[in-house]
Amino acid sequence: MAQFSSIDFQMMSRAIDLAKGGVYTTAPNPNVGCVITRNEEVVGEGFHYRAGEPHAEVHALRMAGEQSVGATAYVTLEPCSHYGRTPPCAEGLIKAKVAKVICASQDPNPQVAGRGIKMLRDAGIEVEVGLLEQEALALNPGFIKRMKTGLPYVQLKMAASLDGQTALANGQSQWITSPQARQDVQQWRARSGAILSTSKTVIEDNASLNVRWSELPESIQQRYSQTDLRQPTRVILDRQNKLTPDLKLFHSPGERLVVSEHGEVAMSLNEQQQIDLEATLACLAQQHNINHVWVEAGATLASSLIREQLVDELILYFAPKLMGSDSRGLLGALGLESMTDVIDLNIKDVRQVGKDIRIVASIANKER
Ligand code: AOF
Ligand code: ZN
């Protein structure tokens, strides 16, 4: 393992911060940042903003100009080696005559996967890999999971009273959580490639399930122009063809993919005659290049996704309310028979959003 200096850590941290500038815009491409230094001074920096546009290294090299000769480049992802929508960054770094490249992690894209590093080394450039690797990998959970497994990263959102209930026995449920929590949801939607829901949820709430500029937090409105933010693709499971054309879903901005017998995504049924969720997610990742799925639906879909170990992260909002056990709970049956099978969570973040509590947790005992 290479020895990295404190300047190295500082510069890679800067590159990681820069990369975050693309969280709402780069999909299906990864978020990547780059800093170029000479004599420990920053001479260039940049990040990837949108698929089809220049990669992080190109922006940083343009800014550095002649000063890239003999410089060190810090990149959060291995520089690419392939002609995609843009020419290979490894070639750009070689032409710019940098002396050293430090990357946080390898690119899991099979078109790159170490070839970028090899190209640089073959050209006599010193390359080191692994600086702040975990932090850099955390920039792109969806891209990495899609490249490595052919499945998207799945975040499941749920909202409930403090005692875990979501609706009264008579079905009344709307607005358990505060407007601030709903604004927070808008921000998560804006980061994701797709929103997954069911025809039941869409019909009950007449939900448009898209990103509404006016409801996004001000910090996002100030930083991004309305036209730059992408709408996630709305993916609706509709096994029984219940969706009707009058629904808001069909009259609001954003693409739609209906999963049904004759829908844009052909459904495959499992043994229980339910839509095969893994096959659906695989189709989204592999045919539609979706890295990151945000799920907003009811207890049935939530339970199935958890049972099938397809969820990576839970985003739970708890409102300071009590609803009692004659209400409906967050999840349906999980069929657990032993305490050793209980789903263990790792809490990643807890905070108050408006009046509510938000918990972000990953699933600890996931087998894949
Ligand atoms: C880099 N620097 O900033 C990014 C990289 O379609 P293209 O040409 O944009 O290529 C996309 C692929 O390039 C993407 O799948 C990933 O492997 C790599 N992304 N590489 O050197 C960057 N965004
Ligand atoms: Zn590149």
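Glycine residues also receive a Cβ, built from the backbone N, Cα and C atoms like all the rest.
Curation does not apply to TrEMBL; its annotations are automatic.
Checking the candidates Cys34, Cys89 against TrEMBL: the one annotated together with His55, Cys80 at the Zn(2+) site is Cys89. Summary of the site annotation: TrEMBL records NADP(+) binding at Trp175, Thr201, Asp205, Gly298, Ala299, Thr300, Leu301, Ala302, Ser303, Ser304. Screening the candidates Ala159, Ala282, Ala285 against this entry identifies Ala159 as the one listed for that site.
Among the candidates Glu78, Glu296, Glu308, Glu313, the residue that TrEMBL names alongside Ser173, Arg189, Leu209, Arg212 for the substrate site is Glu296.
Ser173 (substrate binding site) carries neither a helix nor a strand DSSP state and counts as coil. Within 10 Å of Cys89 (Zn(2+) binding site), judged by CA to CA distance, lie the following recorded positions from the set Glu57, Arg189, Glu296, Gly298: Glu57. Here Leu209 (substrate binding site) is positioned 35 angstrom away from Glu57 (active site, proton donor), judged by their C-alpha atoms. Mean predicted confidence for the domain 'CMP/dCMP-type deaminase' (6-128): the pLDDT average there is 96. When the binding-site residues His55, Cys80, Cys89, Leu209 are checked against ligand 1, His55, Cys80, Cys89 have a Cβ within less than 6 Å of one of its atoms. Maximum intra-site Cα distance, substrate binding residues Ser173, Arg189, Leu209, Arg212, Glu296: 22 Å.
Within 10 Å of the C-beta of His55 (Zn(2+) binding site) there are 27 other C-beta atoms, taking all protein chains into account.
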